[in-house]
Amino acid sequence: MALYGKKTDLSSASSGGYTGVADVYQLWHYHARGNGNIGDKPSYTLEQARDQITRGNITWNGEKVFGKSAALTYSFLQSVADSDMPDNFKGFVKFNAAQIQQTKLALQSWADVANVTFSEAKDGERATIQFGNYTLTPDGNTDNNSQAFGFYPGNWKWAGSAWFNYNQADNQRPDINEFGRNTLTHEIGHTLGLYHPGDYDASDGNPGYKDVTYAEDTRQFSIMSYWNEGYTGGDFHGYHAAAPHDIAAIQKLYGANMSTRTGDTVYGFHSNSGRDFYTATDSKTPLIFSVWDAGGNDTFDFSGYSANQRISLISGTFSDVGGLKAMVSIAAGAVIENAIGGSGHDVIVGNLSDNRIDGGAGNDVLYGDGGADILTGGAGKDIFVYAWEKDSLSSAPDTITDFQRGEDRIDLSAFNKNHDLRFVDNFSGKGNEVVLNWDSQSHQTNMWLHLSGHETADFLVNIVGAALQPSDVIV
């Protein structure tokens, strides 16, 4: 999977010392994957990981029937005799109120991303997906070791059922930010046809990360994984809804839900998403999610955090938010248009949409990418980065709303790898020229770049409220 598709190699642009370009370049390539090995394991593209997690080719519509929606029912079992329990487990306990509530939220999170609907079965109706607890091992002893198990779609009695060890406290109270919610979502994934990313199982003895098929088999990339995200550089203690590879996998099986959050949705602080895992209520709330969003003009609002953050609006990439690493991502195919940073020193990278990016307080680095972006640095010494001419075309220019001379800088060093970019009063037609034109009526500087030597400038940025000078520009 090509995540970036840039035409400019920025690695050498930052070689002469610190520039904002260096930070942008690092974030572009943060957790890039699918190119060679990481350690002794191959790195998988999104498509390879998706196919690995769906390698059983099982759906509720039949074997190898992909992309077709499914209307499923669920129920909470009320009683099961020991002789009738699956895999010879014993000691049935029905779901408590907390489990029922959290299960409905977990089901909802799967329905958000794929064309599966869930409705509670009527009394006496055999549900597609059934939930129950167990407490005893097959030999009748108290089970203090296992966590849970679930069965794939099928046509036998316990196909599509999920079972949880009631002796585990986090299964009894599977709240958000607790492992029990992760377990619920994981087991529901099995009932929908998702496999572990590798050929391992808790019943296989003592499997470990050494047994993975590919390097990204951790909970950073898939809630179906057994392995801690620390193996791949994350540090956020697991998802509570589908992760990037899971979203791609479940959408392969049932199709993408294109009616999910088609309005203007805010994720993070001031969230209107209606989902607990997308919502931060205070600076101590960890945000751990991979967002699927089908439309609208949407915003990442991470304004309540004081830690330095790295926020990427590029589909398929990860962000460091709220002091944790790689715990927010955007699922492939989803578009988030806007970002608001916090009071730390943030790096924010936009995408090809018309982005609104607000760095907040702190010394921030902002990069809008393509589109007619509106960039606000906020308080602090900010750097506005441009990497190639399509970042701010003269036909669709960016606007920097609050440039402060002597504090902020504009970084054009990516254009100047040959050290031939020069400031002039008027274009000569030779190319690689910059004109700074102060417009007293609009109270803004128009920064024009003429790279090709043609009659029309290739690049324009409008800088509000500042009579820009060459010393304000990093070349």
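Any Cβ shown, glycine's included, is placed from N, Cα and C.
As recorded in Swiss-Prot:
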ACT_SITE  E187  active site
BINDING   H186, H190, Y226  Zn(2+) binding site
BINDING   R261, G263, T265, D293, G295, D298  Ca(2+) 1 binding site
BINDING   G296, D298, E337  Ca(2+) 2 binding site
BINDING   G342, G344, D346, G359, A361, D364  Ca(2+) 3 binding site
BINDING   N351, N355, G368, G370, D373  Ca(2+) 4 binding site
BINDING   G360, G362, D364, G377, A379, D382  Ca(2+) 5 binding site
BINDING   G371, D373, D391, D398  Ca(2+) 6 binding site
BINDING   G378, G380, D382, D408  Ca(2+) 7 binding site
REPEAT    340-357  repeat 'Hemolysin-type calcium-binding 1'
REPEAT    358-375  repeat 'Hemolysin-type calcium-binding 2'
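Positions of Swiss-Prot features highlighted on the structure.
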| residue | record | DSSP (3 states) |
| --- | --- | --- |
| E187 | active site | helix |
| T265 | Ca(2+) 1 binding site | coil |
| G342 | Ca(2+) 3 binding site | coil |
| N351 | Ca(2+) 4 binding site | coil |
| G362 | Ca(2+) 5 binding site | coil |
| G371 | Ca(2+) 6 binding site | coil |
| G377 | Ca(2+) 5 binding site | coil |
Of D364, D382 (the binding-site residues), the residue whose Cβ has the fewest other Cβ atoms within 10 Å: D382
Neighbour-count leader, CB within 10 A, binding-site residues: G368, G378: G368
Per-residue Cβ crowding (10 Å cut-off), top of binding-site residues G359, G380: G359
Other CB atoms, at most 10 A from the CB of N351 (Ca(2+) 4 binding site): 21
Among D293, D346, D398 [binding-site residues], residue with fewest other Cβ within 10 Å: D293
Minimum Cα separation from N351 (Ca(2+) 4 binding site), reported as the residue among recorded positions E187, D293, A361, D364, G377 that achieves it: D293
Cβ-Cβ distance under 8 Å to G370 (Ca(2+) 4 binding site), same chain, at least six residues away: N351, L352, K390, D391
G263, G295, G344, G377 as binding-site residues, winner by CB count within 10 A: G377
Local Cβ density at Y226 (Zn(2+) binding site) - other Cβ atoms counted within 10 Å: 20
Neighbouring binding-site residues, C-alpha within 10 angstroms of G380 (Ca(2+) 7 binding site) - of D293, D298, A361, G362: A361, G362
D398 (Ca(2+) 6 binding site): secondary structure state under DSSP, collapsed to three categories: strand
Listed in sequence order, residues not in N351, N355, G368, G370, D373 with Cβ within 8 Å of the centre of the Ca(2+) 4 site Cβ atoms: L313, G350, L352, S353, D354, I357, Y367, D369, G371, D391, D398
Length of the line joining the Cα atoms of D398 (Ca(2+) 6 binding site) and D382 (Ca(2+) 5 binding site), in Å: 16
